[in-house]
Amino acid sequence: MALYFIGLGLYDERDITLKGLKTARKCDKIFAEFYTSLLAGTTMERIEGLIGKPIIRLSREDVELNFEKIVLPEAKEKDVAFLTAGDPMVATTHSDLRIRAKKAGVESYVIHAPSIYSAVAVTGLQIYKFGKSATVAYPERNWFPTSYYDVIKENRERGLHTLLFLDIKAEQNRYMTANEAMEILLQVEDMKKEGIFTPETLVVVLARAGSLNPTIRAGYVKDMIHEDFGRQPHVLIVPGRLHVVEAEYLVEFAGAPEEILEEV
């Protein structure tokens, strides 16, 4: 009797590891949440078909407010799988769930899977040069968060790249595009006027990471904001100081303007 946090990877049902698949198949009950990320290349039916068992999909409210009522009682009596997109422990929500499981006396295990934190290397930007990441959230009435702007500023001062996750409103089937994120960041720039994110800022967009044909594009905001990057999920990267190999990679594989080679 235990709770297994199992990652599904980034794109489709085939991204789950062999260990994760075997574990899910032996579990007596399977729950899943998809409000922290999106698997664009698959469906719930295909995941169920691969595992061979029905999956109970949980909402944000189910997970964050009723985990002790819905999932933990089951895990005290049988083996239970909790499926998540990406790697289970990347989302802070899931770390909290594991703490709650331990406090309830439920043994838990983590089975890793491909994560955006590793997949972002397909852009050619060196992983060790990434600083703190942040999420660009949709502004709402009387609420316009800007902390991600400050994260970009802090990272750039140290020459580091910034990985920006884009807001998800799964219950509304609303997934922020890189274009929307750039528009929001330009609005914040208009408010703060610190020259951190302008039409001349170099950005990198990675769409559908984990697929065989992800979209990787690099260029200046003034040009990129009008591009079509295809289906979500998207992530936006604001590069810091580029190494010559990083710049060459962006030119060759992401269509970056060759003039960036003159700046390294």
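Cβ atoms here come from the backbone N, Cα and C positions, even for glycine.
Taken from Swiss-Prot as is:
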{"type": "BINDING", "residues": "Leu10, Asp87, Val90, Ser115, Ile116, Leu166, Ala209, His234", "note": "S-adenosyl-L-methionine binding site"}
Same chain, 6+ residues apart, C-beta under 8 Å of the C-beta of Ala209 (S-adenosyl-L-methionine binding site), given in sequence order | Leu10, Tyr11, Ile116, Ala119, Val120, Val122, Pro233, Val235
Sort out the sequence-distant neighbours of Val90 (S-adenosyl-L-methionine binding site) for me: same chain, 6+ apart, CB within less than 8 Å of its CB, listed by position.
-> Ser115, Ile116, Tyr117
